[in-house]
Amino acid sequence: MASSGRRPEHRGPPELFYDETEARKYTQNSRVAEIQAQMAARAVELLALPEGRPCLLLDVGCGSGLSGEHISEEGHCWIGVDISRAMLDVAVEREVEGDLLLADMGDGIPFRPGTFDGCISISAVQWLCNADKKSHSPPKRLYRFFSTLYTALARGSRAVLQLYPENSEQLELITAQAMRAGFTGGMVIDYPNSAKAKKFFLCLFVGASGTLPKGLGTECADGEEIHQAKFTQERIRFRNAKGKSVKKSRDWILEKKERRRRQGKEVRADTKYTGRKRRPQF
């Protein structure tokens, strides 16, 4: 289950904490949406997907579909898995473009071998370190998750899992179970010298091991704000260079509607009012 960008406190299992009220509050928070989009963009970047070819991605702990929106904007298809029915209900209301599945990642990833070209997860995997039921064994649930994820991914693909470990022991437990399941790779840490901007991305390879990407902000210990701003600006320039429309613009909305038509979904007809901002009501 995705988080707001702060290190989450353990407040019970996610399927109970994220009820209908919390799910809506989470999704409507503009700061949460901004952080989620940034982390999803970084995770997709670390996947190193082939240029010019749409891929099928798995989003583990997809929540209300905030990270999936970035996947759709990049031209890829996705399937989201989450344990919170309330979160998935919000995703359905928001008409996200991915397919959704209610499931507990600790029970395994229920897909055929080689189904996905990659996997991302934003702020979800650390939940598996908690024993919310007497029958829960964190090492066993982590291994079940990683072993079935390994099988569901195509050979040569990657999984990039952003997480918030509570301590070094959790980090070691998660990494050890991933390696035991057959993955190679390691931890990519962005802005390691910043308490506020520091982010952990577990970058895992299926099959032949690749070169572990370099973390952002690792060259200068006191340049946190400069590095963060540089990353944001580079991402915007990169997107514009690829010809992508600015989010929420008329062109962006028309492109999204056309994608949904190709998927066979019912979409309202385009008019001169499509994408036009409404005047504020007083």
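Cβ from N, Cα, C; glycine included.
Remember, it's a predicted structure, so these values are computed and weren't measured experimentally.
For reference, TrEMBL has these:
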| type | residues | note |
| --- | --- | --- |
| DOMAIN | 58-133 | domain 'Methyltransferase' |
| DOMAIN | 204-279 | domain '18S rRNA (guanine(1575)-N(7))-methyltransferase Bud23 C-terminal' |
| REGION | 241-282 | region 'Disordered' |
| COMPBIAS | 248-257 | compositional bias 'Basic and acidic residues' |
| COMPBIAS | 264-273 | compositional bias 'Basic and acidic residues' |
May I have the DSSP-based helix, strand and coil counts for the residues of the compositional bias 'Basic and acidic residues' (248-257)?
8 helix, 0 strand, 2 coil
Could you put numbers on the helix, strand and coil content of the domain 'Methyltransferase' (58-133), residue by residue per DSSP?
25 helix, 20 strand, 31 coil
The domain '18S rRNA (guanine(1575)-N(7))-methyltransferase Bud23 C-terminal' (204-279): mean pLDDT?
64
